[in-house]
């Protein structure tokens, strides 16, 4: 049964102009992947977000949607909005301000019985957006073949899976903005979209939704994946040496240098996501389809979160990850590597520095005295690597929003360095190309003003080529400090890419 009923809906219309209409049901036979095939696979713009918390246990909610109200794409000084009906408008100036302006007219009605993230913005904030937050930081200008600096979908209907209660919500928003809006028509339209989502889930799987066939470890032996890098190994080692000179000179304490590995893939990009979620599961699994290119993410690291508390206040969270070891082949070896990691002076010094940076970032927008480290230097294990992780929280000041929080923390210190501004200047000097989505963030901003973003690491950028094949790029970095060994830092970038490259190789 669809809720709320029309009588209750008319009462809610006094509270705002964007009202959720929904249907919920128990559905333990449907999965987010099968639902994506039924609802989203034929749409040019769509997304699927899932979570495997700590790399080991399933997160509670999954989100999927398509057919957005509008798409906003930022590239250099221009930001273009494309409406659902195809109408376009181009703006000049700060895309983050334009993004906020596009949302200004929405006054959502919040229903406490619904899960978080029930609608809003879903998309990607690329690294080069830093030019609008810290104008002194130089960035490469975009080229026609580059992904946009940022791209966002405004979603007004979606499906949410509750993996704990085995429920599905089909949600659509009734839009009451504009003059002389008829409540009954708006309500009926939202109900029709909810019903359409429900009926789509009752359809059989489309022909392209075949069982995923991954090569076994035996089949993969001796089978190499051909890829190229945007830098030579010797060049990377030279860049590390230059970065260490800057550290010795007192310019910085740390800087993250990266390389981009690229290969050609000739099948459906969504299969890459399915392979990645099996081979390299993470807390922030994501598939964003933007037509001719996709973001496929398995990030382990939250960038920033802003969660609405029962008292209406926003709680801010950053969760720095720094310190890496490969997983052991046996349990004793795994434990030994974890102990070694927690007793490595270089890794500990780097991690503590980034925790302090996270505290300072939150301190810029949180209530004085509210910023706390509530989890310090614990080991989190993933399929191919383990990390040292800490958690920093604070109460967002009453005059600050989730957008202020994002600007205060962007980009994360774990992918830039410290001090952050000077580190980013050095990144622009030493790295050969713009970073694009890598080290930016992906996630959502919902209608309650909550924000949930992951750092775009362990992430594939998939771009369609003229011959119909796909260029898949994976970018990974290493934190350079005073006593860094250049060769080990180079190897760390390859270790971090291993899970993603294996997901591609398993489909070869």
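Placed from the backbone N, Cα and C atoms, the Cβ positions cover glycine too.
Taken from Swiss-Prot, the feature L-tryptophan binding site covers 51, 283, 284, 285. Positions annotated as chorismate binding site by Swiss-Prot, on the basis of similarity to another entry: 323, 324, 438, 458, 477, 478, 479. For 350, 492, the entry in Swiss-Prot reads Mg(2+) binding site, with the evidence type similarity to another entry.
Shown here: features listed in Swiss-Prot, placed on the structure.
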residue: 51; record: L-tryptophan binding site; DSSP class: coil
residue: 284; record: L-tryptophan binding site; DSSP class: strand
residue: 324; record: chorismate binding site; DSSP class: strand
residue: 350; record: Mg(2+) binding site; DSSP class: helix
residue: 438; record: chorismate binding site; DSSP class: coil
residue: 477; record: chorismate binding site; DSSP class: strand
residue: 492; record: Mg(2+) binding site; DSSP class: helix
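Counting only the Cα atoms, the space from residue 458 (chorismate binding site) to residue 51 (L-tryptophan binding site) is about 14 angstrom. If you take the Cα of residue 283 (L-tryptophan binding site) and the Cα of residue 492 (Mg(2+) binding site), they are about 21 angstrom apart, rounded to a whole number. Among the binding-site residues 438, 477, 478, the ones whose Cα sits within 10 Å of the Cα of residue 492 (Mg(2+) binding site) are 477, 478, in sequence order.
Counting Cβ atoms from all protein chains shown, residue 479 (chorismate binding site) has 28 others lying within 10 Å of its own Cβ.
Spanning the residues 323, 324, 438, 458, 477, 478, 479 that the record associates with binding chorismate, the maximal Cα-Cα distance equals 19 Å. Counting every protein chain shown, the number of other Cβ atoms lying within 10 Å of the Cβ of residue 350 (Mg(2+) binding site) is 23. On a Cα basis, residue 477 (chorismate binding site) lies 18 Å away from residue 284 (L-tryptophan binding site). A C-beta separation below 8 Å, combined with a sequence spacing of at least six in one chain, links residue 285 (L-tryptophan binding site) to 49, 50, 51, 52, 273, 276, 277, 297, 298. According to its DSSP assignment, residue 458 (chorismate binding site) is coil.
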